[in-house]
Amino acid sequence: MAAGTLYTYPENWRAFKALIAAQYSGAQVRVLSAPPHFHFGQTNRTPEFLRKFPAGKVPAFEGDDGFCVFESNAIAYYVSNEELRGSTPEAAAQVVQWVSFADSDIVPPASTWVFPTLGIMHHNKQATENAKEEVKRILGLLDAHLKTRTFLVGERVTLADITVVCTLLWLYKQVLEPSFRQAFPNTNRWFLTCINQPQFRAVLGEVKLCEKMAQFDAKKFAESQPKKDTPRKEKGSREEKQKPQAERKEEKKAAAPAPEEEMDECEQALAAEPKAKDPFAHLPKSTFVLDEFKRKYSNEDTLSVALPYFWEHFDKDGWSLWYAEYRFPEELTQTFMSCNLITGMFQRLDKLRKNAFASVILFGTNNSSSISGIWVFRGQELAFPLSPDWQVDYESYTWRKLDPSSEETQTLVREYFAWEGAFQHVGKAFNQGKVFK
């Protein structure tokens, strides 16, 4: 079974393919998508990264065994199992067919139509109208194919479904309003069936379909473009004026800035996104440095070093402790799938890492398990309501605020942070743990 690290930027639909495939196969995929572990545009240009991935592109996957591979379809294939890849030569060929179709037929018109509505590409009316017609053709083709089929290949989800769904994702979220998509009932049924599978939801969260077709906003586009400096012209010296024209041209060429590295459409989208406001900016400064505790926790003994440091420096006025428990233990079946629920939640909370820490544990065995954990948040309230991006999973848990001074809290923090202890409140044996840091 594959295991390793996926380098990407947040909300990269190309990376979703591999993450969903891993949910089905049980591959253990860690995601690095934010500083300090991965800074898109910087980390992927370092010599160390380029030695492993010469193209410098993301997503990129590094296996625990040292195996490296880039290109999203190749990564998704690698972390898949035989069922996803196609269990017969014929099925495998059909899977490759649809994966190729997504790249060659869906990505170009989808980009042409959707990207201007996001303010990251200029609008061309004729090109957009052509793209709409091409999308209609694609949805119609899929609709005819799916008239008597639940999935694209065979009777179960394959990489074909995963890839095509991810490629259509922004169309359904941004521009395929009800009046446009109603002509393709079989395609809609299939899309909804896929995104509501637990393995898809673990990665995508709740997908909200477009209610009103988004339009190009010229003002938004203008604001997203980098502003060029226009320095004041200074009168040149007499000697400068006397320089030969050819010599002055050469100097201008030498002084011209190097063109930026070419980015694909998704990288352009990321670069064009306005910087979000810090949801925690309203809070007073705290003496507790979470990153320093995380370093202690990662690099030194938990019981003898990290925990004493935590309690010595914890700021109970600037931070809060919470106990979380999964609401629906009866729905937990295979332990690897239960563990993937935790991983999926962590992935969707990636932008919260700077202001939170958690140790979440899966207890029990197949068909008899539970999930609970201890969370540390900046401020005195749950952090999730501060951003819509963080609200996908938290309502699936019960949350109880803890008193840092109580003996119960001291015990819970020790057991959950160290992954050892009686865990008397659980009634099941420790299976495995995940840390959000």
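Every residue gets a Cβ built from N, Cα and C, even glycine.
As recorded in Swiss-Prot, the features of this protein are as follows:
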type     : residues : note
COMPBIAS : 221-254  : compositional bias 'Basic and acidic residues'
CROSSLNK : Lys253   : SUMO1 cross-link
CROSSLNK : Lys285   : SUMO2 cross-link
DOMAIN   : 2-87     : domain 'GST N-terminal'
DOMAIN   : 88-216   : domain 'GST C-terminal'
DOMAIN   : 276-437  : domain 'EF-1-gamma C-terminal'
MOD_RES  : Ala2     : N-acetylalanine
MOD_RES  : Lys147   : N6-acetyllysine
MOD_RES  : Lys212   : N6-acetyllysine
MOD_RES  : Lys401   : N6-acetyllysine
MOD_RES  : Lys434   : N6-acetyllysine
MOD_RES  : Lys434   : N6-malonyllysine
REGION   : 221-268  : region 'Disordered'
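Lys434 (N6-acetyllysine) carries a strand DSSP state (E or B). Among the recorded positions Lys147, Lys212, Lys285, Lys401, Lys434, the residue whose Cβ has the fewest other Cβ atoms within 10 Å is Lys285. For the domain 'GST N-terminal' (2-87), the number of residues in each DSSP class (helix H, G, I; strand E, B; coil) is 33 helix, 17 strand, 36 coil.
Within the model, the domain 'GST C-terminal' (88-216) shows a mean pLDDT value of 93, rounded to a whole number.
Look at Lys147 (N6-acetyllysine): DSSP puts it in a helix. The Cβ of the residue listed as 'N-acetylalanine' has 22 other Cβ atoms within 10 Å, all protein chains considered.
Put simply, the residue listed as 'SUMO2 cross-link' is 42 Å from Lys212 (N6-acetyllysine) when counted between their Cα atoms. Nearest in space to Lys285 (SUMO2 cross-link), taking C-alpha to C-alpha distance over the modified residues Lys147, Lys401, Lys434, is Lys401. Recorded residues Lys434 (N6-acetyllysine) and the residue listed as 'N-acetylalanine' have their alpha carbons 18 Å apart, per Cα-Cα distance.
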